Amino acid sequence: MDLVEAEAEEQPPDEDGDEEGYVEADPAGRFIRYDEIVGSGAVKTVYKAFDKLEGVEVAWSQSRIDDSVMGSSKKMKQLNTEIQLLKTLKHKNIEKMFASWVDGEKKTVNIITELFTSGSLTQYRRKHKKVNMKAMKRWAIQILTGLEYLHSQKPAIIHRDLKCDNIFINGNHGKVKIGDFGLATFMQQQKKSIKGTLEFMAPELLTGHYNELVDIYSFGMCMLEMVTCEYPYSECQGMAHIFKKIDEGKKPAAFYKIKDAEVRSFIENCLAPVENRMSATELLKSSFLQDDDLISVSLVKNMSEDGQQPVSCMLRKGEFLLTGNVDVASHVDLWLRFPDPSGCFKSVEFPFNLTEDTSLSVAVEMVEQFGLTQDSRPIIAQLIDAFLVILIPEWTPCVAIRQVVSEGANGLTIEKR
């Protein structure tokens, strides 16, 4: 073995003899590999392994090294430098690397990482077909947070092969991490070469001139796969057809199957031409990814005669938007925009009688009239009560208002009820 580098302590020999069932051990003797495969790719196989020091299962990745790289001391040095760089990454949404070494005899790069009990996002979505958009938003936030960290490095680290197969999840607590940092790309030693998975490649990546925003495009394709459970461009016949559609800037057929306008808009922002494409930081601030439990309030500057309180405001919770005006002491005119069962947005204007109506009774009536899901009822009721609490301080809400976030000239305030 040459270029051996493993962050592992030397282990004493087992008192009871050799471990049974393992295939090989790392140079330091800390990790042992079993023959059980947990994942594989064109040049890589991932096995289940065991950390004898910590007593936990880990993943052992073996990637084949091209002969042209093995025969070049310069390229091998560059490969080893890249591995060392990846080992310095420390982030909650980046896969942890525990040890690594190059086996010159077997012509492989060996990397020990944490093991994800639920596999990749691709495997997880195939197993669990019914996933709420709220959960997928949490996954998206974690992926973007990891990308934001990578892209903030000096110089920026570009994944180049981001896809759901390279994003891993522990299903028991929903933690998502980015892994598999395209070592095959560095093994080829062509930084600007066309390497990766074609279906997830940004058009500019095909030209060889790109920046970290290629990862955002790939993230958009990941979102598309998460939402539709369809692999991008699965409608195409062969790689040449896929290449042509990407080169022409045509989106996968799966994109046009998305009924939710807000989801489509978010994905479209990720797939935009590079000059218009948002960064990870910008996407994390998008309204689409904001906490649905928050009620965002925009206060209109018009003031009542005493100058103390606004007579109009706009509230938003998830995809629901409510605005209105207090006309007289006992009467309020409200306007609500909401997603209907078909995925389109509908708007309705209605009066609210302060002496006869309650937020809950109105919400129940709307759910029945427009065929909305039962989840819509508490959202509508909370928006109405929050609106009235802001404009009529003495109003007593009939549902719990978890959190109201008001944005105005005086900055941000948070009021919990």
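Even glycines carry a Cβ here, placed using N, Cα and C.
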Annotated region 'Disordered' segment (source Swiss-Prot; candidates 1-23, 70-92, 116-138): 1-23
Winner by Cβ contact number (other Cβ atoms within 10 Å) across the recorded positions GLU114, ASP180: ASP180
DSSP state at GLU114 (ATP binding site), helix/strand/coil: strand
Secondary structure of ASP180 (active site, proton acceptor) (DSSP, helix/strand/coil): coil
Other C-beta atoms that fall within 10 angstroms of the C-beta of LYS163 (ATP binding site): 23
Rounded inter-Cα distance in Å - LYS163 (ATP binding site), ASP180 (active site, proton acceptor): 10
